[in-house]
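Q: A single structure is presented below for examination.
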Amino acid sequence: MRPLVAHIDLDALRHNYQLACQCAPQSRSAAVIKADGYGHGALACARALAGETPAFAVACLEEAVVLREGGITTPIILLEGIFSADELALVDHHQLWMAVHSAWQVEALLAFSPREPIPVWVKVDSGMHRLGFAPENVSAVWQQLREAPQATSLHLMSHFATADATDSRYFQQQMALLQMLATTLNAPLCLANSPATLAWPVAHGAWNRPGIMLYGSNPLESATPVTDQLRPVMTLRSEIIALRDVEAGEPVGYGGRWQAPRRSRIAVVAGGYGDGYDRHAQDGTPVLVNGQRCPLVGKVSMDMFTVDVSEVPDASIGSEVVLWGRAANGAVLSVDEVASSCDTISYTLLTGVLPRVPRRYHGAFV
Ligand SMILES: *Cc1c(COP(=O)(O)O)cnc(C)c1O
């Protein structure tokens with residue numbers, strides 16, 4: 001079989017979730033497992049966290065139904081609420097919680113008769129300018145829902161545009177607005193994503209919504225003592241499938257982007273953009289060969305890429321290659337570091353691992 005496999009360490013996922021909870025001991029943390037658990041497999045992640053988390057957060061009804069049909073009975077919040085009024089029947093049937101960000105969603109809810117009142121998180125646009133009610137309209141929506149028999153357990157929800165940045169001015173502007181609204185409405189808050197969970201205790205509310213940190217990626221611009229404790233959940237592992245020596249000046253791969261500066265040992269690795277490994281990976285993008293860092297050289301192909309293993313004397317056909325994650329010898333290559341070499345973020349790499357890559361689950365909760 002082709003050796004490329006995404007190994008998912010569910011113990012690491014639980015560890016990272018517990019770390020998110022320790023960052024915010026006064027909050028409940030809804031584990032965000034949208035986009036198929038950031039590419040890790042939402043149902044497997046949910047099963048591993050079901051005994052830990054008081055709620056899961058997903059983007060949409062379809063993602064919640066997968067969890068319910070897989071036997072997950074934990075509360076699930078739909079972060080974008082419904083996409084059409086007819087979804088309310090399934091929201092009710094599966095006893096989901098929902099965000100409302102637009103007037104039409106409120107109207108649809110008020111025209112519906114659920115068996116049980118639906119827990120609702122009212123989303124306010126405090127500066128992200130993506131989803132949510134304008135601050136001046138929130139109070140009317142809040143009053144309307146507070147009196148509605150269809151809704152219960154109202155929370156005020158918002159999202160930060162810059163919680164990961166060292167320059168905190170815009171974050172503080174959003175935060176000040178939210179604190180004012182929370183006081184006016186006497187509303188419990190749900191604000192913090194991973195960076196705010198890690199870096200902004202002031203944003204910790206009744207609920208937080210950590211996502212990427214659960215998968216072991218550090219969303220902040222630099223490491224902290226807490227982010228140093230995050231463990232990679234996904235190890236994208238492959239093997240060397242061919243080796244050759246090239247002379248100084250010889251090009252390797254499409255377009256000859258990389259040319260050997262000296263006689264070099266080139267390993268071909270099973271894995272390419274047809275698996276979700278980023279074609280933007282620059283020369284020098286790190287990989288671990290037998291647990292030792294080596295530079296990717298040459299453009300990534302659909303099914304393969306090439307690595308300079310001149311410094312790894314024991315590299316041979318079948319040697320372990322870790323694209324990100326943890327090598328057999330314990331060495332770790334962070335997906336964040338790979339992402340920065342690809343001029344992207346860990347979120348796109350992790351959600352971008354394609355279905356052709358088999359997932360293999362490890363840990364006590366498989
Ligand atoms: C995805 C998402 C989160 C989680 O964000 P991370 O940066 O992955 O922690 C939180 N809240 C909302 C509304 C989201 O869409």
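Quick reminder: no glycine exception, Cβ is built from N, Cα and C everywhere.
Keep in mind the model is a prediction, meaning the values are calculated, not measured.
Marked as active site, proton acceptor by TrEMBL: Lys34, Tyr254. Look at TrEMBL and you will find Arg130, Met302 tagged as substrate binding site. Under the heading domain 'Alanine racemase C-terminal', TrEMBL lists 233-362. TrEMBL lists Lys34 with the feature N6-(pyridoxal phosphate)lysine.
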Q: Which residues of the same chain, at least 6 positions away in sequence, have a Cβ lying under 8 Å from the Cβ of Met302 (substrate binding site)?
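A: Sequence-distant Cβ neighbours: Gly272, Tyr273, Gly274.
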Q: What does DSSP give as the helix, strand and coil breakdown of the domain 'Alanine racemase C-terminal' (233-362)?
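A: The domain 'Alanine racemase C-terminal' (233-362) comes out at 19 helix, 51 strand, 60 coil.
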Q: Name the residue among the recorded positions Lys34, Arg130 whose Cβ has the smallest number of other Cβ atoms within 10 Å.
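A: So among Lys34, Arg130, the recorded positions given, the one with the fewest Cβ atoms within 10 Å is Arg130.
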Q: Taking the Cβ of Tyr254 (active site, proton acceptor) as the reference point, list residues of the same chain whose Cβ is under 8 angstroms away and which are at least six residues distant in sequence.
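A: Non-local contacts for Tyr254 (active site, proton acceptor): Gly298, Lys299, Ser301.
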Q: Over the domain 'Alanine racemase C-terminal' (233-362), what is the model's average pLDDT?
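A: Looking only at the domain 'Alanine racemase C-terminal' (233-362), pLDDT averages out to 98.
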Q: Report, in whole Å, the straight Cα-to-Cα distance of Lys34 (active site, proton acceptor) from Arg130 (substrate binding site).
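A: Their Cα atoms are separated by 18 Å.
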